[in-house]
Amino acid sequence: MGKGGSLNESVVKKILLSYAYVGIWIFLSFTVIVYNKYILDKKMYNWPFPISLTMIHMAFCSSLAFLLVRVFNLVEPVSMSRDLYVSSVVPIGALYSLSLWFSNSAYIYLSVSFIQMLKALMPVAVYSIGVLLKKESFKSNTMINMLSISFGVGIAAYGEARFDSWGVILQLGAVAFEATRLVLIQILLTSKGISLNPITSLYYVAPCCLAFLFVPWVIVEFPVLRESSSFHFDFVIFGTNSFCAFALNLAVFLLVGKTSALTMNVAGVVKDWLLIAFSWQVIRDTVTPVNLIGYGIAFLGVTYYNYLKYQGLMAKEAQKKAQTGDEETGKLLEEREGSGTGKKTGSDV
C-alpha cells in the first residue's frame, strides 16, 4: 500500500508539474502576443515600429544571456568554432530576425485572431521545406493532411472581415522564415550533436539577429523615429515587454525539456483558441462564422498531424525498448554460456 501510494503521489506530482509548465508557457506566450499587438497597433499604444521593437527585444535578451553565461556563470557556453558559428548560427540568426520582423509587422495590419489562424500553416511549411531539403520523406497521406490544413486556413481568410493583403503576405513570410529556421536547426546543429537551450541560444543567436536587423532599421525606421521628436522611450512599457519575451524563451525550455515538443504543439493549439476568444471578446476584433468554420477545419488537420507525431514517438519508444530487451537477453545468454563452459572445464580437470 505504501509503495503504491508513493508511486501514485509521484505520478500525480509529475502530471501537475507538466500542467504547470504548460500553463506558464501559454500565459507568457499569450502575454507577449497581446503586449506586442498593444504596442504596435495604431489604435492602442500607437508605436508602429516592428523592427525597433524586435531590436529592443534582442538587445535585452543578448544582455541578459551574456550576464547569465559570462558574468554569473549560471549556464555553460557551448564549445563552438568560428567556422561552425558562421556556417550554422549566422543563417539561423538571419532567418530568426526576418521571422520576428515580419510577424511583429503583421500585428499592425491584422487582428490577433486572424494571425493565429494563419499560424496554423506552420506544420504545412515545416513539412514542405523538410521535403524540399530532404529532411522529411514525401508521404501522400501527410500531404493530403497538409492540404486540408491549407484549405481550412483559406476558408478562414475568405471569411476575414478585416482582410489586408500586405498583412497576410507579412504573416505568411514570417511562417516561411520560421519553418526554414526550424528545419535548418535540425540540419545544421542537431545533426552535429549541438543542442542549445534558450539561454545559450539567445547568447549566440540574439546578437546575430540584432546585427541583421540594424540594416533595415537604418533604412526604414530610423529616419521616421528621428523626425518624430515627440517620442520618449518608455522604460516601463518596453522593459516589461522585453522581460516577457525573455521569460517566454525560458518557458519554452522548461516545457520542452520537462515534457516534450509534442506537448508544446498541443498546448499551442489550446493557446490559439484562447487568443481567438480573447481577441473576439476583449479586443473586440470581428470573428465571423466563416472564420471559425475555416479554422475549425485547419484545427482538425493540425490535431491529426499531432496525433501522427504522437504515434511516431510511441513507435520509436517501443523500438528502443525492444532493442534494449534484445541486448539484455543477449547478455544473459552470453553469461549463461560462459558459466556453462566454466563448469564443464572444471569437471574435465
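Every residue gets a Cβ built from N, Cα and C, even glycine.
Beyond its flanks by at least six residues, the transmembrane segment (16-35) meets 112, 240-241, 244-245, 247-248, 251-252, 254-255, 258-259, 263-264, 267-268, 270-271, 274-275, 278, 283 of its own chain at Cβ-Cβ distances under 8 Å. Per TrEMBL, the feature transmembrane segment maps to 16-35 (among others).
Predicted-model confidence for the domain 'Sugar phosphate transporter' (20-306) is 90, expressed as mean pLDDT. Summarising the annotation, TrEMBL assigns domain 'Sugar phosphate transporter' to 20-306.
Residues annotated as transmembrane segment in TrEMBL: 47-72 (among others).
Annotated transmembrane segment per TrEMBL: 84-102 (among others), in sequence order.
Per TrEMBL, transmembrane segment is recorded for 108-130 (among others). Counting same-chain residues at least six beyond the ends of the transmembrane segment (108-130), those with a Cβ under 8 angstroms from any Cβ of the stretch are 33-34, 37, 40-42, 48, 50, 136, 142-143, 146, 149-150, 152-153, 156-157, 160, 162-164, 166-168, 170-172, 175-176, 178-180, 182-183, 272, 275-276, 278-280, 283, 285-287, 291, 294-295, 298-299, 301-302, 305.
If you look up TrEMBL, you'll see 142-159 (among others) marked as transmembrane segment. Residues 114, 117-118, 120-121, 123-124, 127-128, 168, 288-302, 304-305, 308 of the same chain lie 6 or more positions beyond the ends of the transmembrane segment (142-159) yet place their CB under 8 Å from a CB of it.
Tertiary proximity for the transmembrane segment (165-189) is limited to same-chain residues at least six positions away from its ends with a CB under 8 Å from its CB atoms, namely 87-88, 91-92, 95-96, 98-103, 105-106, 108-110, 115, 118-119, 121-122, 125-126, 128-130, 133, 135, 157, 195-196. Annotated transmembrane segment per TrEMBL: 165-189 (among others), in sequence order.
Sequence annotations record features per position, and here TrEMBL assigns transmembrane segment to 201-219 (among others). Beyond the ends of the transmembrane segment (201-219), by six or more residues, the same chain brings 51-52, 54-55, 58-59, 61-62, 64-66, 68-69, 75, 77-78, 80, 85, 89-90, 92-94, 96-98, 100-101, 246, 249 to within a C-beta distance below 8 angstroms of the stretch.
The feature transmembrane segment is assigned by TrEMBL to 231-255 (among others). Within the same chain, residues 21-22, 24-25, 28-29, 31-32, 35-36, 39, 45, 47, 53, 56-57, 60-61, 64, 197-199, 201-202, 225, 263-264, 267 sit at least 6 positions outside the transmembrane segment (231-255) and bring their C-beta atoms closer than 8 Å to a C-beta of that stretch.
TrEMBL lists 289-307 (among others) with the feature transmembrane segment.
The region 'Disordered' annotation in TrEMBL covers 322-349.
The compositional bias 'Basic and acidic residues' annotation in TrEMBL covers 322-338.
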